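The structure under discussion appears below in the form of structure tokens.
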Amino acid sequence: MERKERLRAGIAAMGPDISETAQDRLLAYVDLLKKWNKTYNLTALRDEEKMIVHHLLDSLTLLPYIEGAQTMLDVGSGGGQPGIPAAVCRPDVQITLLDANTKKTAFLRQAAIELGLDNVRVVSGRVEAVSDVRADVVTSRAFAELADFVSWTAHLLKDGGYWAAMKGVYPQGEIGRLPQDVCVEKVQRLDVPGLDAERHIVILSKR
């Protein structure tokens, strides 16, 4: 299956309304990942089909959970997942991509420029040291244990905001280790077309 058809079929199976222009931009992002990966080691994946599944479709499972947001922070953004696909599909949301690795943030800045993502800001640094970002939604994909994630980012969450942590298998142990002042709003299993591995999203808020 041609890559454009594979992406379109995956999106159709998942349900979000994503324009042809946005889909083309998502594939252009994959091209940038492949180009920069040779030097910067942004992803262990080399196969384009796997990139579409793991980096695009997997990231797009976040979209229903940022519907009401105006601002989003992607912590430990790495090669830009889920932040860049989210930014492509939600140009109305101001998205900050944060990573401590300067090579990765250099890529993220270039990707935002080349993809024309005016709604993206890139911040280089450790999350604990960042103080000039506030977001309605703070998200991450496989960044850290939940207790650490909320502890390190609580100062970056707006009042009334929430965390959206993208995880693999159901993180029962991690949920049990969350601090008492954090409320588990929802744990939802995610279906990613073409991906056999388990995926869950954990929605958390301050009590």
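The backbone N, Cα and C atoms fix where each Cβ goes, and this holds for glycine too.
As the structure is a computational prediction, the values presented were derived from the model and not from experiment.
Look at Swiss-Prot and you will find G76, Q81, V127, E128, R141 tagged as S-adenosyl-L-methionine binding site. Neighbour list (R141 (S-adenosyl-L-methionine binding site), Cβ cut-off 8 Å, at least 6 residues apart, same chain): D58, S59, G76, Q81, P82, M166.
Under the three-state DSSP scheme, E128 (S-adenosyl-L-methionine binding site) falls in the helix class. Overall, the recorded S-adenosyl-L-methionine-binding residues G76, Q81, V127, E128, R141 cover a maximum inter-Cα distance of 20 Å.
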